[in-house]
Amino acid sequence: MKSITALFLLFCFLVPSALAQLKFAFYGPSCHRAGSIISTVVANSFRSDPSITAALLRMQFHDCFVTGCDASLLIDPRPGRPSEKSTGPNASVRGYEIIDEIKRQLEAVCPGIVSCADIVALATRDAIKLAGGPSFLIKTGRRDGLRSNPADVNLPGPTIPVSASIQAFAAKGMSVNDMVTLIGGGHSVGSIHCSLFQDRLNDPAMDRSLNAQLRNTCRAPNDPSVFLDQRTPFVVDNAIFGEMQRQRAVMRIDSNLAFDGATSGIVSSFAQSNSLFRQRFAQAMEKMGTIGVLTGRAGEIRRNCRVFNNGR
């Protein structure tokens, strides 16, 4: 009985202790303009480049799935001191200038208050709404990490089998439904370089007209990019799930989700109902945003999102 009680207490300290300190309107008393500043910067950026939704979604995913949602991805590498940005999977992550501008404006009105980790979460949420996705509330109070090591980066790749992807998401506390929702939602507005889906072009099951179209595009020099969702590439919606079922998915993992026994039913349900997808996507984004968060006195509130406060 004592061992059971001890195990229960250990679980309580390890799991909910951090999450309990995340709360809605965390910055209300200390920086009430935080939300409006973030929303304005994101809206201005979206007007000139609607692809920022895909960029910020990818940024948050790549940050949260390494050491947690702690803005470790934002740290710039230095001579002799590489960071998560230095790795291949993060080489094409973009949108850092949006986070920089938000941080600059926030530091001017409430210095040392709003974390870079919360900026990423809130900016991504706002960008999703601007792209026609669901509007949802998220808890804040995250703090910024003190580590950014390229050795920590082990992100799921574009050719990962469904079973391995399920394991990777489960390791972060995410369900199969969360996985399908986040992959589909993220890819509904994303793009990919031709060099990263050559295996799919050689798949005889792929829709012939799409295959021919992609092969023609990919003949161009400098490794061009194509949209992952050929129907509504700038809208966060369920269209990509129907494309998966019709073998019009560009990425191997997207195609496999539609035909694997563990995920095909979820893909089908989302393909039939955009409202269901929107509901689940909002829930999955909220959940992903709590992975490995630092709260309370852990970590720090960076003054510059690209550099640890101690300058190292």
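Think of each number as a place in line: the chain as shown, counted from 1.
Any Cβ shown, glycine's included, is placed from N, Cα and C.
TrEMBL entries are annotated by machine, without manual review.
Noted in TrEMBL for the protein shown:
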- HIS62: active site, proton acceptor (ACT_SITE)
- ASP63, VAL66, GLY68, ASP70, SER72, GLU84: Ca(2+) 1 binding site (BINDING)
- PRO156: substrate binding site (BINDING)
- HIS187: heme b binding site (BINDING)
- ASP229, THR232, ASP237: Ca(2+) 2 binding site (BINDING)
- CYS31-CYS110: disulfide bond (DISULFID)
- CYS64-CYS69: disulfide bond (DISULFID)
- CYS116-CYS305: disulfide bond (DISULFID)
- CYS194-CYS218: disulfide bond (DISULFID)
- 21-309: domain 'Plant heme peroxidase family profile' (DOMAIN)
- 1-20: signal peptide (SIGNAL)
- ARG58: site 'Transition state stabilizer' (SITE)
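Rounded to a whole value, the Cα-Cα separation of HIS187 (heme b binding site) and SER72 (Ca(2+) 1 binding site) is 23 Å.
One way to see the shell of the Ca(2+) 1 site is to take the Cβ centroid of ASP63, VAL66, GLY68, ASP70, SER72, GLU84; the remaining same-chain residues with a Cβ within 8 Å of it are CYS64, THR67, CYS69, ALA71, LEU73, GLY145, SER148, ASP152, GLY292. Within 8 Å of the Cβ centroid of the Ca(2+) 2 site, not counting the listed residues ASP229, THR232, ASP237, the chain contributes SER188, VAL189, ARG231, PRO233, PHE234, VAL235, VAL236, ASN238, ALA239, ILE240. Taking each of the disulfide-bonded residues CYS69, CYS110, CYS194, CYS305 in turn and counting other Cβ atoms within 10 Å of its Cβ gives the largest count for CYS69.
Between the CA atoms of ARG58 (site 'Transition state stabilizer') and PRO156 (substrate binding site) there is a gap of 12 Å, rounded to the nearest whole number. Ranking the binding-site residues VAL66, SER72, GLU84 by Cα distance from the residue listed as 'substrate binding site' puts VAL66 first. Residues belonging to the domain 'Plant heme peroxidase family profile' (21-309) score a mean pLDDT of 97 in the model.
In sequence order, CYS194, LEU201, PRO224, VAL226 are the residues of the chain that are 6 or more apart from CYS218 (disulfide bond) and have a CB within less than 8 Å of its CB.
Considering only the recorded positions CYS31, ASP63, GLY68, CYS69, SER72, the residues lying within 10 A of CYS305 (disulfide bond) on a C-alpha to C-alpha basis are SER72.
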